[in-house]
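As given in TrEMBL:
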BINDING   116, 117, 118, 129, 130, 131, 183, 244, 253, 262, 263  ATP binding site
BINDING   129, 131, 183  Mg(2+) 2 binding site
BINDING   129, 131  Mg(2+) 1 binding site
COMPBIAS  571-581  compositional bias 'Low complexity'
COMPBIAS  583-599  compositional bias 'Polar residues'
COMPBIAS  608-617  compositional bias 'Basic and acidic residues'
COMPBIAS  619-630  compositional bias 'Polar residues'
DOMAIN    37-230  domain 'Poly(A) polymerase nucleotidyltransferase'
DOMAIN    235-375  domain 'Poly(A) polymerase central'
DOMAIN    378-542  domain 'Poly(A) polymerase RNA-binding'
REGION    1-26  region 'Disordered'
REGION    539-630  region 'Disordered'
């Protein structure tokens with residue numbers, strides 16, 4: 001087992017970098033420098049005394065953010081993985097016996113747990129989950145995994161929050177195992193037995209495997225290959241920790257939502273390490289922003305020449321990291337785990353964020369500390385208009401599954417919104433905010449700060465209304481910041497939003513996930529209305545963040561527009577989403593209700609609508625399924 005998750009990879013000490021730090025793995029460097037990367041290094045220069053000092057400062061600045069685990073936490077993770085490994089071995093043996101395999105053979109077929117992602121890279125933070133892969137011999141199939149192994153996990157007292165996502169692009173079982181979140185994939189190899197020591201990088205292992213097994217194996221294969229391709233693993237790890245923290249603090253770290261995920265950021269850092277093989281982490285962080293602020297996107301990031309292996313299906317091509325969203329918009333699909341088809345908003349936002357981030361120049365000139373790099377911008381002050389997605393259900397178990405499904409579909413909504421010619425940026429906040437129980441706030445959602453304790457539900461039992469319908473009491477929400485063109489336009493998002501919600505319900509029905517009380521709703525919210533959705537403690541935290549530093553420049557500062565009165569259109573239907581009427585001067589618009597029935601619009605009088613406007617502004621946020629933008 002130690003060969004699969006060695007302790008030395010992940011240990012952290014406060015030992016400062018010494019002057020010979022760049023000589024670590026010197027023999028490995030000399031052997032591999034000629035083959036690392038697609039081009040020669042930009043600089044082979046070693047560290048200067050100031051680089052050593054800045055690297056020690058960087059390491060110290062990361063500690064308060066919880067990016068390093070204690071020895072006790074590290075050992076606990078290893079114990080959890082050991083318990084899970086023994087459980088897998090037991091399950092495979094029991095399944096082998098059930099399939100009439102002789103006991104002497106069942107004892108030798110093996111089966112292993114392999115880790116990948118941030119844990120395997122050695123850059124996981126305190127409290128992070130573990131990405132793992134269960135590898136089984138050929139007589140154990142995926143049906144066994146999601147049935148008998150799932151049932152076995154149910155009986156384990158250490159396992160909580162167990163859920164299976166069998167129909168996902170990469171099928172997975174999610175669980176909390178003795179306090180550690182684990183995402184466990186499954187792959188069946190075309191082998192009679194799985195040895196204890198086994199290298200998954202062999203391309204011939206992919207022969208005769210189905211696509212889902214190949215995708216499951218890709219995580220381990222990619223992670224191991226990245227570690228092999230960097231000139232100095234220790235420097236790579238500390239640099240990656242810093243870049244991951246920066247990306248998370250700036251809200252651009254989430255593969256699920258269409259941003260760059262852990263492996264993608266690792267690829268970018270690995271390429272930086274290849275270009276500056278003898279540099280220390282402080283220099284590498286600085287060079288990271290230098291390199292990718294000048295990168296000609298969508299030119300791919302290449303780590304090595306691809307291996308010429310033809311097994312009848314797409315395999316990992318490490319030359320490619322990021323493909324422009326043209327391929328996504330054209331409907332192209334790829335099984336390449338390192339082809340990240342990101343949206344235009346992500347490309348634009350990533351480019352703007354890196355280009356405008358000259359903080360590392362000031363850090364290296366000792367004009368400020370590393371803390372400036374990790375200051376989080378205030379997402380809610382950056383935009384004037386938001387779409388709020390609300391996911392509601394009747395029980396905590398339903399809410400966990402419902403939120404997971406909706407979150408996996410949000411990136412498709414973002415792509416659809418970007419296709420609208422009047423929307424220049426659709427930026428989703430990666431944070432999913434949990435609301436207080438709806439019955440404690442007059443049925444209205446109110447987001448709490450991440451990690452804050454949710455008030456106890458005084459009436460946890462499922463309630464029904466007079467019509468016998470289950471009343472949702474649990475709610476979570478995502479915020480999507482919008483930037484419109486600088487002209488007065490009417491934006492119709494009825495079809496886009498309704499298509500998204502229908503797709504979510506369709507997938508929930510097909511996977512037998514849909515339960516009474518589950519609902520998804522989209523609302524338009526202006527910045528000045530955010531207090532209706534964000535708790536006072538969350539608003540205070542955001543204001544503190546924005547007040548403690550310089551206000552970040554807006555991505556698209558609006559130009560001065562002439563005063564013009566426009567109509568705000570809203571939708572009365574409970575099944576469709578309203579039109580959006582956008583006016584840059586939002587405070588000067590009047591409201592006119594438009595009831596859409598069979599394609600016809602019936603406007604109320606201005607006097608009636610004005611009374612309704614005054615009433616709505618004095619009441620809590622509406623619960624109707626509508627979006628209004630002015």
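Residue 1 is the first one shown; counting continues down the chain.
For all residues, glycine too, the Cβ spot is worked out from N, Cα and C.
Note that the structure is predicted; figures quoted are calculated from it, not measured.
The Cβ of residue 183 (ATP binding site) has 129, 130, 131, 132, 172, 173, 174 as same-chain neighbours under 8 Å, each 6 or more residues away in sequence. Counting every protein chain shown, 16 other Cβ atoms lie within 10 Å of the Cβ of residue 129 (Mg(2+) 2 binding site).
Per-residue confidence over the domain 'Poly(A) polymerase central' (235-375) averages 73 (mean pLDDT, predicted model). The Cβ of residue 253 (ATP binding site) has 244, 247, 259, 260, 261, 262, 265, 430 as same-chain neighbours under 8 Å, each 6 or more residues away in sequence. Each residue in 117, 119, 130, 132, 174, 181, 182, 184 lies on the same chain as 129, 131, 183 and has a C-beta within 8 Å of the C-beta centroid of that Mg(2+) 2 site, without being one of the site residues.
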